[in-house]
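Undergrad: What TrEMBL records for B:127-503 is domain 'Myotubularin phosphatase'. If you look up TrEMBL, you'll see B:N276, B:I277, B:C339, B:S340, B:D341, B:G342, B:W343, B:D344, B:R345 marked as substrate binding site. Per TrEMBL, active site, phosphocysteine intermediate is recorded for B:C339. Among the features that TrEMBL reports, region 'Disordered' is placed at B:526-563.
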Amino acid sequence: MEFAELIKTPRVDGVVLRRPFLPTVEGTLCLTGHHLILSSRQDNTEELWLLHANIDAIEKRFVGSLGTIIVKCKDLRVIQLDIPGMEECLNIASSIEVLSTLDSVSLMYPLFYRPMFQVIEDGWKSFLPEDAFKDLESMTEEWRLSDVNKDYSVCSSYPPLVAVPKDVDDDTLRKAAAFRHGGRFPVLSYYHKKNGMVMMRSGQPLTGTNGRRCKEDEKLINATLRAGKRGYIIDTRTVSVAQQAKARGGGFESEANYPQWRRIHKAIERSSILQESLIKLVEACNDQSHSMDRWLSKLEASNWQTHVKEILTSACLAAQCIDREGASVLVHGTEGTDSTLQVTSLAQIILDPACRTIQGFQALVEREWLQAGHPFQQRCSQSAYSNSKPRCEAPVFLLFLDCVWQILRQFPCSFQFSQHFLVLLFEHTYASQFGTFMGNSASERSKLNLSQKTVSLWSWVNRPQEVERLSNPLYEANCLVIWPSVAPQSLLLWEGVFLRWKRSSRCLDEAYDEMVHIIQYNKELQNKVNNLRRQLAQLETEEAGEKED
Amino acid sequence: MMEHIRTPKVENVRLIDRTAPRKAMVGTLYLSATHTIFVENNPETRRETWVLHSMVASVERPPTTPSGSHLVVHTKNFQVVQLLIPQERDAMDVQASLARLSRPEKYSELYCLSINPNANKEEREESWSFLDLQADYRRMGVPNNLWVSTPANSEYRVCDTYPSELFVPKSATPPVIVGSSKFRSRGRLPVLTYFHQDTLAAICRCSQPLSGFSARSQEDEQMLEAIMKSNPGSDYIYVVDTRPKLNAMANRAAGKGYENEDHYANIKLQFIGIENIHVMRNSQQKISDVGELKTPSMGDFLWGLESSGWLKHIKAVLDAGVFIAKAVAEEGISVVVHCSDGWDRTAQACSVASVLLEPYYRTMKGLMLLIERDWVSFGHKFSHRYNHLEGDPKEVSPVIDQFLECVWQLSEQFPCAFEFNERFLVQLHRHVYSCQYGNFLGNSQKERRDMGLRERTHSLWPQLWKDRAQYANPLYRADHTQTQGMLRPNTTPYCFKMWKGMYNRMEKSSPPRQTPTDLLTAVREETQQLEEELTNHQEVAPGGTAQPGTKQEDCNPDKSGSN
């Protein structure tokens, strides 16, 4: 299929673009296979350069022969295009509709994108499981890297290499995999250096209604406990949801078969509910005519902040079990690809200072989300505006980012990155020129050969100028465990995403610049003073030397 | 006050950490004439907790438990101190003593009047000359050829709740002033509170007219006409009635009400809809309850926030200020502001407008002056509203709390615009209630004069000024764009947040919460030291010889090397 067939009108003059916070411009609108471009042809700049993949929904309106297209983007921005000529407008609208909903992976933009920057370090090779394991090996000898899943046959959503207890052989892993949802047998997620406790994750056990058990599964997870120690299983579902799962062949670990483990149920909602919540929240934020009462009641009714609180609470619990109780933890929900990953990754943010650096956070996203098989493509194909019926869409990763932002806001000096990094990740999970978030698992990405055919987002992010842009000027490295408050009073609406296109951030940006300026000026002075001190010390030694002579 | 202390000392008392009830400090509780003091037994830390009696809002004693009696002390600035006292009798004594000590019946029982006024006579006298209200009028360019000072209220002849010195339109004759005063509730006639030099528009304040259903006063009509004439080039004024229209109409039955647009030529009447003091009192009770919820769900919290109505009221006050500021700065139209008596909602609306209009009022000294003018001098009833003495609970209302919160909400939207930080506002709030200084005692300038407060107490302002380093906003720069001109805040509901620093101070965190303000303040202090050191170094030319005019001792290497 050629893109040209889908573009009936590739170019219209005299189009007026209206967008948040920026002046209205008139220019020429061009449609290409992947972009919607508007240029006023002044200063050779494009005022609009929008990926079709970023378009979530459009609306058409006509007044006489003037057509208007409202473009609602996945990053929650809404722009308006006034197009002279009804036919042109209809053509543009129908092309956008088709181009923004192309399902075929082979037509996706990252496969066509050629970087305009020099790749210093190939992001596809920056965070290999082998390298991560080397760090682990330096701390403990109790774990090994298994290639039981090298051809993705044991678990289609796992990477080829996973860390498992040294004493457990591949055969046991295969049998345990058959007992876990999606073949997701318990694997290592995090090793807590301070006390040697670990966090593991998996899919739910397939106990079914008649209470099946699996000796190999029991053996596998018991192998992670120290002698005489008990562990915690954190099931991200409520007891009743977990009970209901039995009827569909799923279930949870019974006390009888797992006597060394204590099970705790939390209440993180399933993904379909999260999507609905996002839609309601965005709708509430976009209606500026609300009274205070109505705004607060719609905010409450969206339940978004409740999800944030629930996820953070579960992550704090996991972190507490490890750091304070000195116990190992297994986390799972149903599939083990959504709420499970929210909990394991946030617990690491709390426990491990390395995850709060720019590189470390990328490694965490790579390890706990991409390699761990979070189905990004399914979850992020629609955002809050789409009129299509949701299939598997859910803002699971966005909620994770929101939770990170909450912790960042509470500990503004403990993160090497600023919220810009989190916003950037949000944008790129929904629409991107990079291949990083394409596909639903390591296996899919490998079949598409993305590491050869596309550029990694990390290649872009890890260039010095981008690292500088994403850096937090307040950062001061510390090696502390940070315990966020999960009290509702402490959790705020993430303005940087949800009100980004609604209220101007100019004054807050100015404050940020001021902060950067204060810190940079301080550093400059420090350098100057240090230089002078050195010179002075040198002069003194010379002087002393002369006297001795 | 000593006679009210039934038990001066109780041992083996536990101070309970409300965020972690199992953690408690054991120590001794002392009751002094002015404070409740808890001293921890632990010889290494000996931590002390002091609560000023005048800050105590209530002392509850839940049913006695086997381990003793609990006392829950709520303070007027929303802190909670929970004590566990082994003997029920001691607990009852402490409760009864505190109930009395925290409810003084006479001004003379208050802290600021209990000290010897002549101990630091010079300091005391100086403290009262720290702020000069007349100088602030002069800074605004008043008096001038449009606005003049009138002696009409000397010895508080026309209005005993107004300051003695008033500014009125030049064309307002003495009969107009007196007549207008007679037609206004409690004689509070329209007078100048803020003059905008760029547009020559003014903000005037007053109380409601005694119009009833049909009454009118020629002098009052002439007064408003004179206000319009004092703004050359304008052909109307706004009359902002800050009450909901329904309340204003209801007042007509009592012979009060609002201006009839048929009688007053060239006015545009605007109702704003700020609720009355009773609604605000209940609303604040509810929001402070929300702040104290122990483990609320997100739903409980958001529902509580909504049903308290508090943010809605804050928005109404801010909206009133925005309306006035825009009229003055953008349209160049003068505004007359009133509510019922003109000392609560009017004070809020006028002072918020001043903060929006005038960068000076966003500095520490400027905010002090603004409070001194719009609140203290114009007869905001501090002692009634903030319950300084045992009195009518229906008179109590968090009026200035709402003004301070509006300033806080603004500082969240404009982080570089204010010279002071949140702590400054919290401290101001505290002192409105504390009665440690004489500034806010009484209900009018006349009352304060009659009590001789300047001769008997100290003023708060120089004390705050002395501690200004801890109240400074590190992001403030006098030449920053946010410190220039008028602030135009966004008042969409999602721009308002619960003021955690006021209503939810209990929360603890591990490690202690980092605040950018503290960090940046530290960085700026260090920067200043570096700058000084740099100047010292640079006075030495390369090679170690001093430049002409500098002394050799100034570059003592020990000094610079020791940092």
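Glycine residues also receive a Cβ, built from the backbone N, Cα and C atoms like all the rest.
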Undergrad: What kind of secondary structure is B:N276 (substrate binding site) part of, going by DSSP in three states?
TA: coil
Undergrad: Taking the centroid of the Cβ atoms of B:N276, B:I277, B:C339, B:S340, B:D341, B:G342, B:W343, B:D344, B:R345 as the substrate site, which other residues of that chain lie with their Cβ within 8 Å of it, listed in sequence order?
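TA: Filtered neighbour residues, in order: B:S207, B:T242, B:R243, B:T346.
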Undergrad: Looking only at the domain 'Myotubularin phosphatase' (B:127-503), what is the mean pLDDT?
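TA: When the pLDDT values over the domain 'Myotubularin phosphatase' (B:127-503) are averaged, the result is 96.
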Undergrad: What does DSSP assign B:W343 (substrate binding site), in three states?
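TA: It is coil.
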Undergrad: I'd like the number of other C-beta atoms within 10 A of the C-beta of B:C339 (substrate binding site), please.
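TA: Its Cβ has 28 other Cβ atoms within 10 Å.
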Undergrad: Tell me which residues of the chain lie with their Cβ under 8 angstroms from that of B:R345 (substrate binding site), as long as they are six or more apart in sequence?
TA: B:T242, B:R243, B:I274, B:V317, B:A320, B:C339, B:V399
Undergrad: By a simple count, how many Cβ atoms lie within 10 Å of the Cβ of B:N276 (substrate binding site), its own Cβ left out?
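TA: So the Cβ neighbour count for B:N276 (substrate binding site) comes to 15.
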Undergrad: Just going by other Cβ atoms within 10 Å, which of the binding-site residues B:D341, B:W343 has the emptiest spot?
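TA: Relative to the other binding-site residues in B:D341, B:W343, B:D341 has the fewest Cβ atoms within 10 Å.
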